């Protein structure tokens, strides 16, 4: 049975994959994440997830390698990590009363036989109307400076939303586990069977 590799150093993706109670290792993929000028958000995350998984194939032959990438889209524009409190407040002002869509690309690459499975999972976050005071307090309390969209849905960010829409809530954190389980089963690795 091939061993499992997560092509990521993200502690959030690691924590999500640990939910499946299967052994795996993490490795940093070497991929240029610069978007191509003609790529849609869906195309970007699909390409990057695939490249991340395949970039580790030579280091990990005979493995199942998981690649994942995510973008946050508001008003048709990709929204990155804010990195500063002012940028976080600006992103949250734009999101207030709007829908932010996350696209998460997922790839499972079998480096033993070259079989590749891919999927893009969308997830919509409906923001309620936020006051300036609410935005300021949220940024001060949560410090979401390294989170695309300037919030942590798994934390205090839940207070910002009217509703969430998507097939798998794990998608919002960065790894669609329902789709991944389906891919793993197709490779003969059922998480429920050890």
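Every residue gets a Cβ built from N, Cα and C, even glycine.
A quick note: this is a predicted structure, and the numbers were derived from the prediction, not measured.
So that you can see what the record holds, here are the features copied from Swiss-Prot:
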SITE      12  site 'Important for substrate specificity'
ACT_SITE  69  active site, proton acceptor
SITE      70  site 'Important for substrate specificity'
SITE      154  site 'Important for substrate specificity'
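Locations of recorded Swiss-Prot features on the structure.
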residue : record                                     : DSSP class
12      : site 'Important for substrate specificity' : helix
69      : active site, proton acceptor               : strand
154     : site 'Important for substrate specificity' : coil
- Rounded to the nearest angstrom, how far is the Cα of residue 69 (active site, proton acceptor) from the Cα of residue 154 (site 'Important for substrate specificity')? 18
- Query: Across all protein chains in the structure, which of the recorded positions 69, 154 has the highest Cβ count within 10 Å?
  - Reply: 69
- residue 70 (site 'Important for substrate specificity') to residue 12 (site 'Important for substrate specificity'): how many Å between their Cα atoms? 12
- Query: If you measure residue 12 (site 'Important for substrate specificity') to residue 69 (active site, proton acceptor) at Cα, how many Å is it?
  - Reply: 12
- Around the Cβ of residue 70 (site 'Important for substrate specificity'), how many other Cβ atoms lie within 10 Å? Please give the count over every shown protein chain. 26
